[in-house]
Amino acid sequence: MTTETVHSNAGAAQPVLEVKDLCVSYGKVEALTNASLTVGEGQIVTVIGPNGAGKTTMLSAIMGVLGSKGRVAFDGTLEVVPEVERMVARGMNLVPEKRELFGEMSVEDNLVLGAFQRYRMGKRDHAQTLEEVYALFPRLKERRDQAAGTMSGGERQMLAVGRALMAKPKLLMLDEPSLGLAPLIVREIFRIIAELRRRGVSILLVEQNARAALQVADYAYVLETGQVAMEGPAHLLADDPRVIEAYLGFGKHQDMLST
Amino acid sequence: MDISIALILGQDGITNGAIYALLALALVLVFAVTRVIFIQQGEFVAYGALTLAMMQGGSVPATVWLLLAMGVLVTLFDGAAALRSGQARKALGVAGWNLAYPLALAGLFAVVPVASLPLFAHVVLTLAIVVPMGPMMYRLMYQPIASAPVLILLIVSVALHIAMVGLGLLFFGAEGQRTPAFSEASFDLGPLLITGQTLWVLVVSALLIVALYQFFERTLYGKALRATAINRVGAQLMGISPALAGKLTFLLAAFIGALSGVLIAPITTIYYDTGFLIALKGFVAAIIGGLASYPLAALGALAVGLLEAFASFWASAYKEVIVFTLIIPVLLWRSLSTHHVEEEE
């Protein structure tokens with residue numbers, strides 16, 4: 001079972017994101033060491049791994065929130081040093097683990113701000129995008145005038161995803177979208193992730209809920225202590241005894257999501 | 001004191017309070033978005049008033065050279081960076097705003113005799129010169145250290161305040177200046193004589209406050225500034241860069257400062273260092289609002305203006321002392337009623 005040598009996602013049709021040898025260090029501590037991954041167009045790729053493995057660090061570095069060394073090629077262009085505003089302008093969006101909503105502002109203002117970069121570049125179609133996002137999340141439309149900070153955890157997560165979608169991203173990066181949410185909401189979030197892929201959005205999904213992530217993803221990476229420990233097509237990784245033991249816990253047919 | 005004196009003092013207090021309110025709003029805005037305590041707000045007031053006075057005196061305002069110098073520096077930094085990363089169009093844009101624009105202003109003064117222009121044109125030119133200094137100042141002095149602690153940013157503000165006062169002495173001389181009123185009209189309201197300039201101050205302040213409110217509530221750029229103030233990381237992930245937010249904020253603050261200077265120049269004699277005292281009263285008002293609440297800051301500004309007016313009647317030698325002593329109970333109340341908040345990085 002040497003998945004790391006047998007499989008590679010390099011064959012994915014038209015890579016949207018290619019990361020090679022990405023390194024991030026906090027002072028002398030290396031949080032990410034030579035991590036490489038590929039997201040193909042229209043794919044859902046997931047990164048699973050324990051707490052502190054460097055998953056969030058990796059997303060932050062790709063987005064340009066954190067400084068890094070390595071190569072990040074997005075949509076065919078190599079970024080020497082990714083820079084947040086530029087990455088947003090080019091169609092990459094990150095839904096961070098902490099949501100980072102504008103708590104005192106209304107749901108609708110939060111959403112409209114998601115289109116800021118497009119608006120700034122002269123693409124003023126946010127009214128229409130807003131309707132599309134509302135169609136995907138009817139709940140947000142009901143609460144459009146409510147302050148974002150007063151909503152429930154699940155609604156806030158939907159708002160964070162909706163806000164990112166307002167930028168019409170080519171690649172959506174989700175950091176622990178199911179963290180701290182009730183199982184029913186988690187299911188709803190994963191349903192939306194699958195729906196987004198159907199609409200042609202490529203997705204890089206970082207999850208601790210490995211079971212749900214492997215079920216929805218096409219390809220998966222396992223990150224351990226800052227390094228890619230395993231990779232492979234998601235359904236194969238879900239059958240890998242090491243993955244089952246370390247991340248899926250009990251037998252894989254005890255599926256939490258289908259209850 | 002009889003009722004007519006009280007009315008006159010009230011009018012004075014409200015007029016000054018309106019200006020303090022504008023300055024306080026700018027201080028709150030700058031602090032909320034950039035965490036900079038905008039000490040040099042007063043110098044923008046003085047530069048506005050004295051640039052106008054210089055033009056009224058028939059000479060080319062020296063501030064246009066400062067604008068040019070700052071523009072050259074910004075062009076060197078940003079233009080070079082844009083060229084190095086191969087963004088020729090961006091470099092051209094940088095040079096256009098920061099080099100061509102001040103040069104065009106200087107050229108205008110070389111061609112058109114200043115004295116021949118009407119007051120209104122002088123006001124527009126004053127704003128055209130002083131306001132762009134705001135974003136340029138942010139770019140040059142704050143943007144490179146935007147994530148520094150509040151204390152470091154405050155030290156930079158104090159340094160800039162001192163530098164601007166010194167330059168002000170160089171540009172405008174030690175003489176105080178007063179400009180003619182926008183309108184000589186005045187009318188009686190009961191025992192009260194209301195001058196045209198008082199009305200100008202009140203109407204323009206009110207309009208500006210309404211315009212600012214609309215800007216923050218209705219436009220995407222205004223919302224972007226609010227978003228930055230609420231959650232810097234979240235805003236950045238939307239593509240709202242701290243640099244853009246900072247420059248836009250400083251543009252607004254410089255506009256408010258310069259416009260306030262232009263408005264009060266006919267009411268009080270302005271010296272190169274008068275601005276500090278005026279802005280400090282705006283600062284007291286902003287503190288009343290906890291450097292966070294706009295309505296409280298505006299109300300505080302009115303209170304400061306009225307207190308100042310009545311203090312100047314009862315104890316004119318101590319009027320500044322009385323106004324600034326107001327800050328002590330306010331600070332006490334603030335520190336007792338709020339919990340300690342860790343500085344957010």
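Here the Cβ of each residue, glycine as well, is placed from N, Cα and C on the backbone.
Automatic prediction, not curation, is the source of TrEMBL annotations.
Feature list (source: TrEMBL):
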type	residues	note
TRANSMEM	B:20-42	transmembrane segment
TRANSMEM	B:62-83	transmembrane segment
TRANSMEM	B:95-113	transmembrane segment
TRANSMEM	B:119-138	transmembrane segment
TRANSMEM	B:150-172	transmembrane segment
TRANSMEM	B:192-216	transmembrane segment
TRANSMEM	B:248-272	transmembrane segment
TRANSMEM	B:278-305	transmembrane segment
TRANSMEM	B:317-336	transmembrane segment
By Cβ distance under 8 Å, which residues at least 6 away from the ends of the transmembrane segment (B:20-42) in the same chain are close to it?
137-138, 142, 146, 150, 153-154, 156-158, 160-161, 164, 205, 208-209, 212, 225, 228-229, 242, 245-246, 249-250, 252-253, 256-257, 259-260, 274-283, 285-286, 289, 291-294, 297-298, 300-302, 304-305
Folded-back contacts onto the transmembrane segment (B:150-172), same chain, C-beta under 8 angstroms, at least six residues removed:
34-40, 42-43, 46-47, 50, 53-54, 61-63, 66, 137, 141-142, 272-273, 275-276, 343
May I ask for the residues of the chain that lie six or more residues beyond the transmembrane segment (B:192-216) and have a Cβ under 8 Å from a Cβ within it?
4, 7-8, 11, 14-15, 18-19, 21-22, 25, 181-186, 222-223, 225-226, 252, 256, 259, 263-264, 266-267, 298
